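What follows is one structure encoded as structure tokens, with my remarks underneath.
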Amino acid sequence: MTDRLTIGVIDPEVLGTYGDTGNALVLSHRARARGIATDIVEIHLDEAIPADLDLYVMGGGEDTAQALAADHLRRCADFTAALRRGRTLLAICASLQILGRSYTDATGREVAGAEVLDISTTPQGHRSIGELVTAPLLPGLTQPLTGFENHGGATQLGPDARPLGRVLSGSGNAADHDGGAVDGACQGGVVATYMHGPVLARNAELADYLLARAVGCEVGDLAELDMPLVDQLHAERVRAAGVSA
Ligand code: GLN
């Protein structure tokens, strides 16, 4: 297990809707509480994204902003290759979309994605806005996941991507579901979701899943943290959505 963690925040100038960059602060706080030193490194649109950091976060963004980030990712082939080989990354909303094969924005323009996730996104014709609660499908997670969604895109998963959660309340990947409603996409070390929040402030289990993966241990090897406010926030958001945990 490493005792020092470098967390990359990718394109915070365009991908930070609803404070998504706070996910890096949560990871850093939970790591430091366990004696793991952290460095948070911002990587901007005009910079090459280093391929060897321990953990990355990417946030959500509006259509114009996310097109800039999509272009940036397509220029950083070493980084996207590292993701395909298993680097750990959390992606929110617009970032989920741009890591896929392609997405079509609200104006009908199809934008090539980074081809890290086996997903594609097309417009729903309306926006899904509101609280989203899911039952996690990622092994080891037991608590409902909660977040706030606001997106016009509907995302379809190909066979290589697995959903992050089964929707209990809200839309998730698509408002009109054939069969089960799901949110997010997981593939290798990439975990992507439509949940803003920041999602890790609301869902400590997910934060620890990413931390454990990045430091190279099992979640059970991380020391338990006593943070009652975090538990309170989680319980409150699940209750507010009218979902029984
Ligand atoms: N622009 C994208 C959409 O509306 C993503 C929005 C977001 O990141 N909240 O689907």
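Quick reminder: no glycine exception, Cβ is built from N, Cα and C everywhere.
Listed in TrEMBL:
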- CYS93: active site, nucleophile (ACT_SITE)
- HIS196: active site (ACT_SITE)
- ARG127: substrate binding site (BINDING)
- 6-203: domain 'CobB/CobQ-like glutamine amidotransferase' (DOMAIN)
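DSSP assigns the residue listed as 'active site, nucleophile' to coil in the three-state reduction, placing it in neither a helix nor a strand.
The number of other Cβ atoms within 10 Å of the Cβ belonging to HIS196 (active site), over all protein chains shown, comes to 23.
Averaged across the domain 'CobB/CobQ-like glutamine amidotransferase' (6-203), the predicted model reaches a pLDDT of 96.
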